[in-house]
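**Student:** Heads up, here are the entries from TrEMBL:
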DOMAIN    1-199  domain 'Calcineurin-like phosphoesterase'
BINDING   ASP8, HIS10, ASP41, HIS197  Mn(2+) 1 binding site
BINDING   ASP41, ASN79, HIS114, HIS195  Mn(2+) 2 binding site
BINDING   ASN79, ARG80, ASP122, LYS164, LYS167, HIS195  substrate binding site
Amino acid sequence: MQTLFISDLHLSPEHPELTTAFKHFLHHKAPHADALYILGDLFDFWIDDKDPTDFAREIKTALREVTLNGTPCYFIHGNRDFLVGKRFSRETGVTLLDEKAVVTLYGRRVLIMHGDTLCLDDVRYLQFREKVHQPWRQSLFRLLPFGLKQKIVSKIQSNTRQDKQNKSLDIMDVSQAEVERVMDEQQVSLLIHGHTHRPDIHSFQSSDSEKIRVVLGDWGKEISVLTYDDQGHYHLDHQLLSEYSGK
Ligand code: LP5
Ligand code: MN
């Protein structure tokens, strides 16, 4: 009995080896789990649920198989796939969760998030996030033809990439005060998130009790998976991508 957590796969048509690894994971690992949680940035960028490409269809089909075979699958938006919507959910059977969700894992309350909103020092990112999350902007964007949306996204991506190069690594990590604040607010002693690509398990004391923050790793050269079992044990595993899927 175990539950799996992954995030930051950054799947794209440009990296078919990642798609192969993800499908391998869905085929071989997910069916034995009680549930699969995807904590954002599954995609390098998700433009639209109506994405007509073979890539989008391939991922949707693979997820659909997992949910049809009886493994519940949950998704929290990341900063790169915040446009995943209801249609994606209908087509895959994946349940979309709020940006902060408390789930009960074998009796323990656990807070799960993507992690971007914990990075309070990254003010320019948070301002940018607020803009692209505005419903009126998203509604307007949805009306555009797919090809135009692709062009707009790649233009904005090149601007944000440049901006990111001028940031120090410090400001792109979580703010410890914010971590403690949300954990207190949600009354949890365990937080699981991704986004920072700094896989680790942090233990700390706050509000007179022991707290744990698990950071999932991204999938690039390695694949990273957190397994949480019914005894309350958990481990963060990583494996070289080249050794993972039988390509
Ligand atoms: O993902 P990662 O780790 O590389 O970097 C993130 C932050 N970057 C982003 C940008 C996304 O990767 C790409 C977004 C494309 C958006 C297309 C939107 C299409 C319209 C949608 C509907 C309205 O999330 C990065 C963080 C980093 O994590 C660590 O936390 O630092 O943040 C940035 O780099 C953002 C810049 O700091 C902000 C630059 C603003 C310049 C762009 C102006 C365009 C405004 C358009 C508004 C609609
Ligand atoms: Mn992210």
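From the backbone N, Cα and C atoms, a Cβ is placed for every residue, glycine too.
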**Student:** Starting from the Cβ centroid of ASP8, HIS10, ASP41, HIS197, which together make up the recorded Mn(2+) 1 site, report each further residue of the same chain whose Cβ lies within 8 Å of that point, ordered by sequence.
**Tutor:** SER7, LEU9, GLY40, GLY78, ARG80, GLY194, HIS195, ASP218, TRP219
**Student:** With HIS197 (Mn(2+) 1 binding site) as the reference Cα, tell me which of the binding-site residues ARG80, HIS114, ASP122, LYS167 is the closest one.
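**Tutor:** In terms of Cα distance, HIS197 (Mn(2+) 1 binding site) lies closest to HIS114.
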**Student:** To the nearest whole angstrom, state the Cα distance for the pair ARG80 (substrate binding site) and ASP8 (Mn(2+) 1 binding site).
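**Tutor:** For ARG80 (substrate binding site) versus ASP8 (Mn(2+) 1 binding site), the Cα atoms are 9 Å apart.
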**Student:** Select, from ASN79, LYS164, LYS167, each of the binding-site residues with a Cβ positioned under 6 A from at least one atom of ligand 2; if none does, say none.
**Tutor:** ASN79
**Student:** Closest to HIS195 (Mn(2+) 2 binding site): which of the binding-site residues HIS10, ASP41, LYS164, LYS167, going by Cα position?
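**Tutor:** Nearest in space to HIS195 (Mn(2+) 2 binding site), counting only the binding-site residues, is ASP41.
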**Student:** Which one of these binding-site residues has the most other Cβ atoms within 10 Å of its own Cβ: HIS114, LYS164?
**Tutor:** HIS114
**Student:** Output, ordered by sequence, the same-chain residues six or more apart from ASN79 (Mn(2+) 2 binding site) with a CB under 8 Å from its CB, or 'none'.
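**Tutor:** Expected: GLY40, ASP41, HIS114, ASP116, TYR125, ARG129, HIS195.
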**Student:** From the binding-site residues ASP122, LYS164, LYS167, pick the residue whose C-alpha lies nearest to the C-alpha of HIS10 (Mn(2+) 1 binding site).
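**Tutor:** Ranked by Cα distance from HIS10 (Mn(2+) 1 binding site), first place goes to LYS164.
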**Student:** Determine the most Cβ-crowded residue among the binding-site residues ARG80, LYS167, HIS195, using a 10 Å radius around each Cβ and all protein chains in the structure.
**Tutor:** HIS195
**Student:** Please go through the binding-site residues HIS10, ASP41, ASN79, HIS114 one by one and keep those whose C-beta falls under 6 A from any atom of ligand 1; give the result in sequence order.
**Tutor:** ASN79
**Student:** Determine the Cβ neighbour count for HIS10 (Mn(2+) 1 binding site): the number of other Cβ atoms within 10 Å of its Cβ.
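**Tutor:** There are 20 of them.
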**Student:** What whole-number distance in angstrom separates the two most remote CA atoms of the substrate-binding residues ASN79, ARG80, ASP122, LYS164, LYS167, HIS195?
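**Tutor:** Per the listed residues, the maximum Cα distance equals 18 Å.
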**Student:** Taking ASP8, ASP41, ASP122 as the binding-site residues to compare, which has the smallest set of other Cβ atoms within 10 Å?
**Tutor:** ASP122
